Structures are given as C-alpha cells and as structure tokens.
Amino acid sequence: MLHIVACIKQVPDTKIIKMNPKTNTMDRRTAPAILNPYDAHAVEEAVRLKHKYGGIVSVVTMGPPPAVSAIKKCIEIGADEGYLITDRRFAGADTLATSYAVTKAIEKIAKTRPVDLIICGKMSIDGDTGQVGPGIARRLDIPPLTSVNKVVEINQEEGYAIVHRKLEDGYEAVRSTLPCLFSVEKTINEVPYSPLPNMIKAARYTPQIWSVDDLEGVDITQLGLKGSPTIVSKVWAPPKPAGGSILEGNPRAQVEQLLSVLLEKKELFEAKEGV
Amino acid sequence: MDFKDYKGVWVFIEQKDDMVASVSLELLGAGRKLADKRGVELAGILIGENVKHLTKTVFEAGADTVYVYDQPIFKHYRTESYMKALLDCSDKHKPEIILYGATSTGKDLASAVATDLPTGLTADTTELDVEEETGLLLASRPAFGGNIMATILCKKYRPQMATVRSKVMKALPPEIGRTGKIVEETISLKEEDIRTKVLEIVKETVKKVKIDEADIIVAGGKGLGSFDGFQLIHRLAETLGGAVGASRDVVEAGWIDHPHQVGQTGVTVTPKIYFAIGISGAIQHIVGMKNSGIIIAINKDKEAPIFQNCHYGIVGDAFEIVPLLIEMFEHALAKEKVTK
Ligand SMILES: Cc1cc2nc3c(=O)[nH]c(=O)nc-3n(C[C@H](O)[C@H](O)[C@H](O)COP(=O)(O)OP(=O)(O)OC[C@H]3O[C@@H](n4cnc5c(N)ncnc54)[C@H](O)[C@@H]3O)c2cc1C
Ligand SMILES: Nc1ncnc2c1ncn2[C@@H]1O[C@H](COP(=O)(O)O)[C@@H](O)[C@H]1O
C-alpha cells in the first residue's frame with residue numbers, strides 16, 4: 001500500500017486574467033480560478049501509480065477557502081483524500097514560506113498514514129518558479145527529483161524508486177530511496193476525461209480543512225508574508241521602446257518596403273541558396 | 001546575521017561534457033558588473049569530477065577567484081551532493097550574492113540551497129542590478145502573468161540568490177591568459193550517504209530543434225487561427241531558410257511542439273531577423289526575443305503591444321501579407337540570380 005501525496009495549487013487562469021493598467025496589478029476578479037495545469041499531471045501520475053501498485057492518493061494545498069474546488073477537481077482525477085490548509089496567517093507567502101506551511105500539513109497527514117512518495121507539478125502558472133517542490137523535500141529531508149518525465153518503478157518493499165529525469169539533451173535514469181519527492185513534467189502523462197463515478201464522488205466530497213492552529217509545531221514567524229525573505233519592491237511596465245516604424249501603404253507597398261529591409265541582409269539568404 | 005561578513009558575487013559554474021555551460025559565462029559577464037559596482041570580488045564555484053582545468057575558462061570569462069570541489073562523488077549532478085558542497089562553501093566564505101543559470105540543474109540546486117540556508121531566491125530573473133551602498137540585489141522578472149515586470153528584493157538574509165535566464169545576459173569576450181586565485185575545497189561525503197544514484201545517461205538522438213541558433217526565425221501566434229493556418233508560418237520559414245518559432249498559446253493549442261516556444265517558459269533567441277506574426281507581444285514572449293537583430297511584426301490589431309517592441313511593423317492580415325511576402329521574396333531572389 002503506497003501512500004502518495006500530491007501537492008496542488010489553485011491559480012488564476014493567467015490566460016484570461018486582465019491587468020489593471022493604472023495600478024499594474026492583476027485583477028483577480030476577472031480570472032476564473034483553476035487547478036494549476038501542471039498539478040493535474042502530478043495528481044494523474046499519483047493515481048496511475050496507485051492503480052499499478054495499490055495505495056491511496058492524498059492531495060494537499062495551501063490557499064484561500066475557494067481552493068476546495070481545486071481539491072474536488074483532483075478527486076475527479078482519482079485522488080482519495082484532500083486537505084486544505086487555510087488561514088490568514090499563510091497569506092503573502094513566497095516559495096520558502098509556502099514550502100514550510102505545506103510541509104507542516106504533510107507532517108500532520110503522515111501521522112495517521114506514513115507517506116511514501118510526494119509528487120509536485122513542475123511549476124505553478126502564477127508563481128512560476130518550480131521552487132516549492134524541492135523546498136518541501138529539503139524540509140522533510142527526503143531526496144528531491146525534479147524534471148521527472150517517467151516513473152520506471154516504485155519498489156516499496158525494498159524502498160526505492162527509479163525515474164527518468166529530463167535533461168536538455170535526453171534523460172537520465174535515477175534511483176532514489178523512498179520516501180522521496182518528484183516534480184513532474186507535463187509530458188509525463190495525459191490527463192483523460194474523468195470517469196463519471198469520480199465526478200459524482202467529487203461533487204459530494206468535502207476535504208479536511210485545517211487552520212494554523214490545527215497543525216503541530218508551527219513557528220508562526222516562518223509563515224506568510226512575515227516568513228518570506230523575498231519581497232516585491234516595485235512593479236513596473238517595461239519601458240516602451242520607441243516602437244518600430246509602421247510601414248505605410250497598401251499591402252503590396254508594405255511588403256515591398258519590408259523586402260528592401262530583408263534584402264539588405266542578403267547574405268543570410270544567399271548562404272541558404274548556395275549562390 | 002552580520003551583513004558585513006558577506007562579501008562578493010558568486011556564480012555557480014555549470015559544467016557538462018568537459019565544457020562550461022554558456023549560461024555560466026553569461027552570468028560571469030553580468031556578475032562582473034555587479035562586483036565592480038560594489039567593489040568586490042567575482043568568484044565562480046565549480047563542482048564536479050576532473051573539472052579543475054575548467055577554471056581557466058572561468059577566469060578568462062571574468063572571475064577573480066574560483067572555488068573548486070573536484071571529487072569523484074561529484075561525477076554526476078545530484079541535488080544532495082552538490083548542495084552540500086555549495087552550502088559548505090557558502091558557510092566558509094560567505095558571499096553576498098549567488099547567481100545560478102535558470103536551467104533545470106541550476107533551478108534544482110538553487111531551490112534546495114535556498115531552503116537550507118535559508119534565504120530568498122528569485123526565479124527566472126531577466127534583469128540584474130545591485131545597490132552600490134547596501135549590496136541589495138535588484139532582481140527583476142516578468143510577473144503575475146501580465147505585461148509587467150517586478151523587482152524582487154531579499155532584505156533580511158544573506159546570501160541573496162537568483163536564477164537567471166540563459167541568453168539574457170552577455171558574456172564578456174574571453175580575456176586570453178587572464179588568471180586568478182584557485183581555492184581548492186573538499187568535503188567528506190561518502191557514496192553511501194547519498195540517497196540517489198544516476199544509473200544511466202541517455203542522449204536522445206532525435207534531432208533537436210535548435211531555434212536558439214538560427215539566424216532567421218519566423219514565429220507565429222494564436223492569430224494564425226488554427227493548425228492549418230499555422231502552416232503559413234512553416235511556408236515562410238522555408239522560403240527564407242529560417243526556423244519556426246511560436247508563442248506559448250500556440251504550443252498549448254498543439255499546433256507545434258514545445259521546443260519551438262519562444263519566451264520566458266520557452267527558449268530565449270537572438271536571431272538576426274525575427275518575425276512575430278499574429279503574436280500579441282505579451283511580456284513573457286518579448287523577454288525571449290527582444291535582443292534579436294531586426295524584429296518584424298505583422299498583426300492586424302494596430303494597438304497590439306508587439307508594435308512597441310519591433311523595428312518594422314505591418315498592420316494587416318497575416319493571410320494577406322505573408323503569401324504576398326513569400327511570392328515577392330521568391331521573385332526577388334530569382335531576379336537576383338538572373339542578374340548575376
Ligand atoms: C507564467 C507565464 C509564462 C509564460 N511564458 C510564455 C512564453 O514562454 N512564451 C510565450 O509566447 N508566452 C508565454 N506566456 C503567455 C503570454 O502571456 C501570452 O498569453 C502569449 O504569448 C500570447 O500568445 P499569442 O500572442 O500567440 O496570442 P494572443 O495574445 O491571442 O495574440 C494573437 C494576436 O494575433 C493577432 N491576429 C489575429 N488574427 C490575425 C491575422 N489574421 N493576422 C495578423 N494578426 C492577427 C491579434 O491581433 C493578436 O494580437 C506565459 C504566460 C505566463 C503567465
Ligand atoms: N500553495 C501551495 N500548496 C500546495 N502545493 C503548492 C503550493 N504552491 C506550489 N505548490 C506545489 O509546488 C509546485 C511548484 O510551484 P511553484 O514553486 O510555485 O512554481 C506546484 O506545481 C505544486 O505542486
């Protein structure tokens with residue numbers, strides 16, 4: 001029986017989000033909240049391993065109360081249990097404070113059911129750092145394996161896992177002791193449409209919800225904004241370069257001007273033409 | 001923590017197949033500026049097996065000092081062993097700033113080191129500066145999924161750390177014969193203590209799309225409308241002898257594979273000519289191509305931000321302009337040949 005914990009995050013759909021041009025901040029109201037797309041692959045991989053080896057998949061997230069819907073989405077994919085840690089004191093966390101809080105939640109989950117494997121997404125589309133996964137691994141003192149694009153074997157009896165880690169020009173096969181943490185690539189699997197029974201289960205599901213006070217041995221100073229070493233000091237629109245010259249005239253005239261620009265760089269094309 | 005004890009700018013030197021990664025050379029170039037502004041040393045930290053001779057390259061690229069951990073245990077990159085070397089070195093020599101390439105190795109290592117130190121870590125930086133007086137690192141990156149940049153600071157911890165995108169900073173021309181101080185370090189680390197083992201390294205033989213080396217890139221965006229529409233980009237690229245690039249939205253739509261994606265979460269490119277066709281010009285795209293020689297934008301919306309970031313713009317429909325361009329270009333080339 002493997003116990004796999006997937007770490008997930010609810011994020012604003014950055015593709016739809018609008019910026020407030022006056023304040024240069026994100027107008028979160030304009031963006032629907034979704035399960036971080038990378039984390040869907042983390043949950044899917046956990047579920048596949050569960051089907052292969054037998055076990056239980058728990059998902060954990062730190063976020064505001066609406067993050068329950070992201071957990072439900074994971075239940076649809078096939079997760080068994082969901083845990084949300086939510087508290088004003090978590091707000092404003094950077095990656096260091098996030099990995100601290102999520103670790104505390106995992107430690108609590110592990111009290112009732114020891115954890116064999118943790119799976120994170122490659123990155124969150126709003127935080128966009130990929131730092132939280134390795135951070136959690138370090139805090140739990142287990143090996144972090146990033147860029148995982150294939151799980152070859154999990155051997156719980158002998159306590160090891162073998163995975164492929166994507167490299168710039170191929171991959172490496174790595175063996176690690178269990179428990180360990182994977183950050184998985186999007187290419188590791190495809191998330192299929194959820195089967196109906198899972199949808200029904202998800203609709204009825206309520207996750208476990210914990211505040212800071214429900215966690216154990218928490219050092220409040222390491223949470224949220226206070227526990228975050230990095231601060232955003234300045235947000236600015238990138239300086240607008242003078243802008244290019246817009247070519248005038250009808251399409252044919254425009255293309256003609258463009259052509260003369262290109263032909264000034266004739267050597268680039270001649271190389272290809274072998275002239 | 002007494003900030004006065006922390007001095008110098010460090011660059012983690014990534015090496016592979018007996019070569020220093022180009023991003024490390026770029027970071028030495030950027031680090032040199034920070035170190036000079038602050039009046040401190042620039043150091044490289046080099047970890048590996050049989051890598052000592054690479055110090056030469058590191059000095060020629062601008063470093064004053066190189067800390068070297070050259071032991072068999074460092075033959076392959078592994079988070080835990082490399083992290084221990086870096087933590088050991090940072091403990092002993094206390095740098096003010098450590099920079100890493102935002103490669104998979106650099107990000108992996110920096111995330112682990114930041115947690116253990118602990119300190120703040122800014123990811124995927126595209127601009128770097130330092131406050132001369134205080135040594136505060138100003139690390140800026142595109143943020144919040146919008147057209148904005150954010151400057152991120154780490155005021156209360158040292159060292160300050162950042163991962164930096166490749167191809168954004170400029171390496172210095174190598175100063176042949178330039179040398180510096182080599183500080184050899186070792187740590188006692190037994191193979192049994194390391195919980196991961198690299199079993200095999202497999203180089204994929206599939207020909208990689210190397211759009212980051214192309215002189216001409218024709219990139220298309222969501223404005224091409226569909227997979228079929230996007231074929232127009234391939235046609236123009238073929239005509240010009242260029243490589244095909246794409247925005248992230250195109251990659252997500254499945255019109256082309258990720259290796260073609262230009263931008264913050266794709267590749268950074270610096271071709272001599274870059275076409276952005278049907279691309280709106282979001283900051284995440286711009287940071288990946290803004291250093292191109294000539295940027296040509298074709299977009300039917302004259303308000304599209306791409307026009308602020310190009311040298312020549314055509315406001316028009318790609319499906320009208322591009323076929324015309326292909327036709328007229330071929331015609332012009334043919335004429336060239338005849339007159340020669
Ligand atoms: C964390 C994060 C990382 C990201 N990383 C990247 C990245 O690496 N690379 C990247 O590209 N994006 C990235 N993005 C996405 C980026 O913010 C934009 O969403 C994306 O670049 C937009 O793609 P697009 O320009 O193709 O599409 P759109 O923004 O939809 O633009 C389409 C354009 O086509 C024009 N158009 C429509 N029809 C025609 C026509 N017939 N002829 C001519 N023009 C036409 C429209 O006027 C419009 O300007 C990232 C986003 C986030 C949040
Ligand atoms: N608030 C959070 N709660 C749980 N897991 C998270 C949270 N933020 C990030 N993660 C995990 O860490 C990964 C990397 O996120 P990031 O470092 O923000 O890019 C995500 O794909 C998640 O698996």
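Backbone N, Cα and C define each Cβ position, glycine as well.
Noted in TrEMBL for the protein shown:
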BINDING   B:247-248, B:261-265, B:278-285, B:ASN299  FAD binding site
DOMAIN    B:9-198  domain 'Electron transfer flavoprotein alpha/beta-subunit N-terminal'
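Shown in sequence order, B:ARG248, B:GLN284 are the residues of the chain, 6+ apart in sequence, with a C-beta less than 8 angstroms from the C-beta of B:THR265 (FAD binding site).
Here B:HIS285 (FAD binding site) comes close to B:GLY221, B:SER247, B:ARG248, B:VAL262, B:GLY263, B:GLN264, B:ALA276, B:ILE279: these same-chain residues lie at least six apart in sequence, with C-beta atoms under 8 angstroms from its C-beta. Counting every protein chain shown, the Cβ of B:ILE283 (FAD binding site) has 24 other Cβ atoms within 10 Å. For B:ILE279 (FAD binding site), the Cβ neighbour count at a 10 Å cut-off comes to 30, with all displayed protein chains included. With a cut-off of 6 Å between Cβ and the nearest atom of ligand 1, the binding-site residues B:SER247, B:GLY263, B:ILE283 reduce to B:SER247, B:GLY263. In sequence order, the binding-site residues from B:GLY263, B:GLY281, B:ILE283 that place a Cβ under 8 angstroms from a chain A Cβ are B:ILE283.
In the three-state DSSP scheme, B:ILE283 (FAD binding site) is classed as helix. Taking a C-beta cut-off of under 8 angstroms and a sequence separation of 6 or more, B:GLN261 (FAD binding site) has the following same-chain neighbours: B:GLY245, B:ALA246, B:SER247, B:ARG248, B:VAL250, B:VAL251, B:VAL267. Cβ environment of B:GLY281 (FAD binding site): B:ALA297, B:ASN299, B:ALA304, B:PRO305, B:ILE306, B:PHE307, B:GLN308, B:ASN309 lie under 8 Å away, each six or more residues apart in the same chain. Note on B:SER247 (FAD binding site): other Cβ atoms within 10 Å of its Cβ, all shown chains, come to 30.
All protein chains included, B:GLY263 (FAD binding site) registers 24 other Cβ atoms within 10 Å of its own Cβ.
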